[in-house]
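Before any comments, here is the structure.
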């Protein structure tokens, strides 16, 4: 009897048993597996966010952040930085006339000198930046307006620049090298720094113009067409210079073939578009010569500027910045302050939570466990 | 028959099994079903070209045309062949068709639009090709999924199409094997036992001598009882084998349609004779031939035109509440997007404008070299910004939600607790996209029979001829069974050790395990939960043991009935007298009427049904043969009785089943000059009796409804057993008389309108034509012959009615049995018209119905039966628990009021302590019934003072019957009805039709704007299931219609508890949190770019590399949220089940409220501010370039987003850790690879070596530490404060989870959870505990929201007095606190008293400390609910208020009657300790 009913059951389990499902087999129970995963019983950590439980986190964060912040702040404060605006907006500014007259199609260079005094000596390597304000290098169409293949020395891209370069792609059917708006608006002021001796003589501060670009940019991303030999030959004839440029790309630094053409470091630095409308770009490096004398001793200096770059039309500013750097980069107290602030807030909130915890949380717990 | 509206009831539980087999994904039927809908549109075309004007289908035999050239003129050639193709696509059409379908989704169109916008140079923001990537990705994922599904369908199609069957071949003159797909309409096919039908076949021949063919229709409707199909009448008389070559008839039938229960047509023979065809002649595709050696038929419908194929609709699509809410917020996202874009566009215009004509070098001309005016430029920029900000509309949200829902469904499927071992069935999720709705239900509408009850009928009592037989012994034995069960449970629970359930692979082994378990060591684990589990598993195991000791898969009670000795004596008496009379050739009419009534009563029980007899110990088809032999043995004698004068005896051993031939017989008989003596000269064969004894235990009855089986088994207990049923004959074995064969002239089947069934038989003893009718008492009583004929009849009717009421009060299902004796003339007259009705093609149903009505009049009442329908396991507990969860439970049943009320008491739906409001009205004066209630809400609303007016009666139960319901559902009254109904704790609608059920659900759903769940098991619940937000089908005894219509199918009602409380809660909270998180995530990410616009001249530039921008959502941050969305458990299953109050969380949509979206948006904006401006200031005025600056921001955003998810994640499994680690690792890996891959590509960012360089920068790490901390600080702090100061109930539940198991269990069992806020003041109604003057026992706060349904009506002051009866004047003490929401709380603090009996001491609220922790605070559920009313009952607990409308329409329309005393059962009395505790527990208070 047992067996028979069992058979009946088996048969019923396979109503389509004869239909090619592969004969009647043993009825497999459809009972789900009792695994932790399938039964949703995976071992789990269940943090419950209450004042009592998160309290340590706040204090720990506070205690860690505040020292870090202080450290950062001190580091930042140890960095020496000097900044001078040479735009020439004011009448009494030495570059006022240059600023008024400068335009893209000016061929005659205008020069002006700005005198300044360094109160403190700059001990380590000094980085010389030029800074621009109100210059939207991050404008959508501006950012796109380049051809990386061309800059990488690609022959075909050289002849037929990317459409992204429009409208700085070709002039009269001749391709522009380098094409695009970024290259076209290359910063072309020349800055020279002179130290005024105590006896009044001008000593040129030696400025190193190599090593200011990313190594990968200089050696991988940017390449001259046909190698570095005979750039003139490589560029001449078939190409035209960008409309705003005074000289063609192969004359950017005629003195050094390793710094000429597309791999000119000033050009490379410019091509790395800035993130924000106020930015600085590395211009030169002043190497520390000896361990005894500071790189830039305190005293009077003169900055000679060949003023080519017009910024007044868009209300821009030009600056020259001298700065030493630390492990965390240039002078910026913000991060230190931020750490201190967040740390303090955390600490404060921790105290608040502590109060809450002692006032309310204890009762809660005792109520939860009545026995 | 059932007094319920079951269209095509099924019976056996095995139906489930096969159904589930069928539901397997790779099952062919399921697969083939899916696309019938797409096949449908093709069909009309086919048909229309076949028969332009004809409404019928003509089928010729193909053999006639085989000789001709490839059947050129074969009239069948236009019909669909049997090849099925359920695939949606072909290789060629896949791409266009699939894309077309996908673009039906608005979101896809939107994203494609944006991607295409990128190709316009003026506005493009990204590389156009790249911008296509996400859309292509999403589309292709969906396409691959579709393709795979389609491939599966294709494979199953192929498998089906290549199954074999025997088709007659003219060439070979025999049946040859052919593939299914080669079968054509008009082919003759031969079917063997256990074969599956390849097409819809008209049965022409059967090897069965009775010309029957048995089929199992499990694949169509889930019913596994065998159904008999008959050979077409004209082929009935063939004595030799059917020869297809001789067949030359033409079949006219209906066009293909999807009605499984209808087939009409006729067959035209060469001779011109027409024979009607019925559904009994048609074998449907997909059915299995059983019990029949061989059958031959002609194919009528093939392939997609078969009824099985036409019957399958695609899966249903519902949109969940959460999704609707989400769509609102998607809309808001669109608004935000537009605002942001507009802002940027204006900003850009202004920015451009400030430069005037002096174009700065960085403002590049458009590619065409043209100068754009600021306005044009702004317009273009607007479009650009839409592209840049597109992430705000979460493209991946829709995909993610689908993925998460599939996982949720998977987990629900896998839940062991929702697996029913007895039937080996899971819960089925048939609708994949509304899982989260399960967590938001507010109203449950339940069917009673089969849902709350087992639908396993047990015969309990009967009344015969006005004498009641109480079957005390039976009742005692039943009680014993239950005791035994519980004892067994007890003893297994002592065992303590739990057999590993997964080791139980079959039921047999389950038994073994159980045995070993009970003899096993008695280790005590001490853990109560484990013991509990052991009990439940033991119950499970026992139930499956029963399954095996008991051949029919039913509980023993159903079959084993201890007969009432008195009645048994009477039956014996009666039959011996009859035997005596038969021997002495006395007419039967001399029998005392009560004795004849008794025997007639049992004969009626035995034959007035459609029960099929089989014996289970043999394979079905063999068994049938033996049965037939037996029946043949005695049928010969009966045929001698009835067919003596017939000349047709040679045609068949049996009398002809055709009514037509009966008619001729009738005429012949009459012409022969009257009947001969009714007695058969041949005494019944006693060898039959002997064989019966052997077979007795083995006979098994397969009934369409459990009632029928119960009655047949009951009759068998009185030795009046059904031994065989053939279409034209029923054989009954009676004591002393032996086997009697009743010639079955007609069976007028059960239908829900008539609520009765009848059989017309020729009584073998009296040779009278007798009608036996069985049906619902209300109907039968009306049809009883007017009792003026005899005092005795009158008395019987009166007494029976009395007993019927008693039965109903006991919760028994009542049926009345009646008979009627027809004279030959009457019968002939009726038969004539009946035949006309039968042969009519137009309106046949209606005619047959009328014909049945004509027959079933002037009945003679024989008696009545009371059948018990046992409650399912755990129903009261489930209902109690669901109610605690704040769910309103309404029961809608077709049963009569008394039965329903009693079942409701039994399952604790109604509380003996609550007042029952019964609405029985005869007219629309119902308005008056509602009148007294009108004022309560209004007065309480209007009175703003704390001195609130009388409240609604507390703890009210509403009982309304179908007729009253019809009035109540009237447009003018529905609002009032609702107002009354919702103020009642439980509502019971009796005698409601399926339509009314669905109307009630619709009314509640639409008017109250609540989430409704309908649960039912029968065909009569289908409409209700379809109307409700979530339809749940119980895959029970009554076939599969309910399951087919449902969204979820449960094996048992009690699983609803876990489904809703646990899975519903989880699904809801997971999905709600995920959606919110999605919105947050996208907003946060987009806002980063928005802030940047202020620093790039609103030029639409982005500092984030476009690759990161596009793949951020799709890859980097996608996995953790999916894991969390799938696996996160806010509260453990155990706690959720023990604290049903937590369900309120979902009902009130507390995880996802509209304001939360905005809070998340604000948080997103704050966080993005942090993530933007910390790097901004850190790199301000530096030589950082655009994308080297953007990359840290991306990284920070990623960290912040992941940590944010971490804060929101409640349970951290290794999957969470892994997914987060994976996300971060993926980001850095991709970034490093991407940044090292190509020095000249990926314009404009050209991020060569960016990440590598950043990783060398200490500043980068410093930023990575501070930014997420700063960004998440507020949220983290808020969560911590919230957790302490105003924890949500869910959080308290979570805290409970953390406690050690023992402590937690103690707390849970006491339901004493402090869900309170320390900040909240003492609730004003704390004073309630001081008890009102009259000493109300418990204070239950009912919440009634002041909605429009409750209107203030003046001038009803005269009703005040009446009201005071209901409520009472004590409420003055009560304080109305409109700000406090309350959860309907339960008195029963111990939801599981049965499972875990607690020592009485534990019930005492011992100390103030405990009472303090009873405070419950719940967050305000809805601010819109303006008022909350507390009420106190003043009536003694057990009062029931009967509101009856007097028929004469007397002014006093409300009558109150107290019939409480007998209702109050001792076990329901409230324990004093209990009470105090309730008081304390009632101190619910809330803080806004």
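Placed from the backbone N, Cα and C atoms, the Cβ positions cover glycine too.
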When you get a sec, could you say which of B:1109-1132, B:1133-1156, B:1157-1180 is annotated transmembrane segment by TrEMBL?
B:1157-1180
Ranges B:405-446, B:447-488, B:489-530, B:531-572: which does TrEMBL label region 'Disordered'?
B:489-530
TrEMBL annotation of transmembrane segment - which of the ranges B:1217-1237, B:1238-1258, B:1280-1300 it falls on:
B:1217-1237
If you look at how TrEMBL annotates this chain, which of B:375-399, B:575-599, B:600-624, B:625-649 comes out as transmembrane segment?
B:375-399
In TrEMBL, which of B:68-86, B:87-105, B:106-124, B:163-181 is tagged transmembrane segment?
B:106-124
Express the predicted model's confidence over the domain 'P-type ATPase C-terminal' (B:1043-1288) as a mean pLDDT, rounded to an integer.
91
Based on DSSP, tally up the residues of the domain 'P-type ATPase N-terminal' (B:68-129) by helix, strand and coil.
30 helix, 0 strand, 32 coil
